[in-house]
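Working notes for the structure below.
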Amino acid sequence: MLILTRKVGESINIGDDITITILGVSGQQVRIGINAPKDVAVHREEIYQRIQAGLTAPDKRETP
């Protein structure tokens, strides 16, 4: 595993087409932006695990 240290506003490039930028840090939470081609799937880990398990996202419609 490659471990890098970045400051807000700095980026990491993966290959020629993917850029990860540190947008902000607040406490233990880090906001990142990911710029990738549309044919590259980008998911949070918990969403990816649900996809792999064949589960769908919870219904976000409100009930009266």
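Placed from the backbone N, Cα and C atoms, the Cβ positions cover glycine too.
Of all ranges given (11-14, 19-22, 23-26, 47-50), Swiss-Prot attaches the label region 'Contacts 5' UTR of mRNA' to 47-50. Residue ranges 28-31, 32-35, 52-55 are listed, and Swiss-Prot annotates 28-31 among them as region 'Contacts 5' UTR of mRNA'. Under DSSP, residues within the region 'Contacts 5' UTR of mRNA' (47-50) fall into helix, strand and coil as 4 helix, 0 strand, 0 coil.
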